[in-house]
Amino acid sequence: MSIKRSIIQPILIFAIASFLAGLVASTSVILATIRQNAATQTALAISSEAEEIYHGIHEAQFYVQDVLSSNDRPHPNRLGAELNALVSNVNDNMHTLLNRPLPDELNTAVYDLLFSYSSWFKMVKSLLGLTPIQTPVSTEIINHRIIEITDNAEQVADLATTHASAEAERASQTIITGLLIGACVTFALMSMAIAYAYRKASDISNDILKISSRVVSLTSKEDMLDNHNGDELGAVNRAIDKLHDALLEKRRIAMNLRTEKLRAEAATATKSRFLATMSHEIRTPINGVLGMAEILNESGLTPEQRSYSETIQASSEALLRIVNDILDFSKLEAGKSQLLEQPFSLRDVVFDVATLVTPLADSKELDISLDMPEDIPSHYIGDSGRIRQVLLNIIGNAVKFTLKGHVDITLRHTPDAKYPLTIAIQDSGVGIPEDQIDHIFKAFEQVESTTARRFEGTGLGLAITNRLIEAMEGDLSARSTLGEGSCFTIHLDLPVSDMTDPERQELQAQLPNLENKHLVLVCPMSYAQDIRKRLFASWNMQLTILNSSAEIIPYLQHHSTDIVVVESQLSAVDARALCQSIWDLDIPTKLPIIFCSESKYVNELQHLKSLGPANALMKPVRNKYLLRSLLEMTSGEIVTKTIEPPVETQKPADTDFSQLHVLVAEDNRTNQLVLRKMLQPTGVQMTFCNDGQAAVDAARSGIFDMVLMDMSMPVMDGVQATRHIRALEDEMGLSPCPIIALTANVMDTDEQACRDAGMDDFLTKPVRKNLLLDRLRYWSKPTANGNLETKQVSGL
């Protein structure tokens, strides 16, 4: 027989048997349901009528009680009519209930209720004077009768409910009986169908054996072993055994993966603890080295000695940067770094970063150009500190790996793009091989081993940058040509803030004063010419570009202009000569001249102001600074700066802390010496203690205006000491004394622990003198007589 017939015939027989079984079962259920519905309706009607009787009796009782308690009774005729209406309604319901087929117990209870209610009604009519008084009736008798009627009514209601439940149960039993009959018939028909199907199933048993063999081959590369049990069930069992073994292996692999995951998490936790400890142990001696180098630089040294001191300081700062990079990468890798969401000026961040790397660029004679169109939004919302870190890493790398040429920073804002904000950093550096680009974003990797020897670095900068951009849900891409340079492009989707720059708006409001003004730009760099051309066009100025300063005089002899901007590397002597040559021309008024120069020339170029309308701006030039200078120079309202000769270094008034008494809790003798030397010139009075318990004991004296608290100390740490000091203040009812953490513990959890304990500020080692003085200045303020007092006066 074919497989089709072997399958279809049993299914057809099974379907017919199922139809007949369903027909028998459904018929039985329908008949039983009809009986159930009828019985249920009757039972519900009895229960409902019993409830109506119960409520009607209560309504009549309440009416009588209201009449008896009232001093102003209705007219007898009205009273009798209302009372008869209430009682007749109850009597009608009871007679209706008696006409139904009731169980004996319920029937007797209804008759008893009817008798009691009729007797009560007669007593009430006599008591109310509606019928002649044959037998004296008291209120006590009436109340006793009411109790009797209430009990009878409740009994009738309960019996009616019981009757309804019994009827529903009997109907359910009927349905169950019908279902059992249907099930029996179904079982018989199904047995016949199964018997026929079992007989037909033998025709496809060989196919089942082949399928089971296939299952075995999927779970094992070995051939299926012979088995004395040759039926299809035995083959399927063998296949299931193989599958079971495969599942066990899969489970074993999953358990091994889970175990390895736990080990990896434990290793990560151990690494984090190690890094935190390593950071603390390194920062403590670095604090001594950097602090002493800073103090040494301020002392009277010979040029050679100062060079040695600056080398010590620079080397210590380089080591500190490496430690910070490793910690930063560890936080990002563990997902513990949090991003802020605050409005910030992207222009200021980019210019600040460019200004930071300018000294290194100037030392290599590199030109940094910024292309930021005026349509770039003034402010965005994001973490300005992290964006500054990203830009500093990429722009710093561009300067570091570029030996000659330029570094271009370009900003674009396209509102409808996936990433509206794009920042591109293009350099003319050494370049990266195409097959190495993917590796530069991995931790501790550089393009080649010789790179580490040619250029300083740990290989963490771009890895940190990439993690930060991913955390901002942005994208970082790179393209490069070996020997020609690289371009890194940052794509971000930062919300635009509605915050504005008042200074920039004020300057832009004066742009009509520059409209159609003619400007001569001296700029030898073609890429910078394009940037300036777009910028001056946005200000509606007429522009002429010259490639060198030698072209200025011949041009001005035949053309008129309103202002000259020189963007080239001219020394102070050459710039002075150029200005004199221009001003000596047969021109009615001296032409204003703006020099955009390296930082090392700016101070010298400022002296040109004393000779005529000249100004000097440090590259890279901020657009608003250039705009302000153009407005001032073309309007004749030149803001001059007085060049003061250097004077002897003296102690500023705001660093005179002679009235300030500070308690310093620090267990390291070197750090104590550093703090003493840093603060000694300010006149601050310092008391040192070596552990937290000593700090608490010293604080009881009540003479300290401020506390510098180390976190890790013997006997009692800084966190516990702070809690004790705060508890002491609460106990004595004193105002809190400013407590500033000064610690080598730099993790976010460390700062939170210090603030939770009650510290007001958090400084990390190595601490810089200017920052420390700034914090002392912040937490204290000058009084009218010039002395200092703490922001919160301590009574300790």
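Glycine too: its Cβ is placed from the backbone N, Cα and C atoms.
Annotated transmembrane segment per TrEMBL: 12-34 (among others), in sequence order.
The annotation transmembrane segment is assigned in TrEMBL to 175-198 (among others).
Annotation comment: TrEMBL describes 277-496 as domain 'Histidine kinase'.
Feature annotation from TrEMBL assigns domain 'Response regulatory' to 661-780.
Taken from TrEMBL, the feature 4-aspartylphosphate covers Asp710. Within its own chain, Asp710 (4-aspartylphosphate) has Ala665, Glu666, Asp667, Asn668, Asn671, Gly718, Ala741, Leu742, Thr743 as residues 6 or more apart in sequence whose C-beta sits under 8 angstroms from its own.
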Where Asp710 (4-aspartylphosphate) falls in three-state DSSP terms: coil
DSSP residue counts for the domain 'Response regulatory' (661-780), split into helix, strand and coil: 57 helix, 24 strand, 39 coil
Whole-number mean of pLDDT values that fall within the domain 'Histidine kinase' (277-496): 81
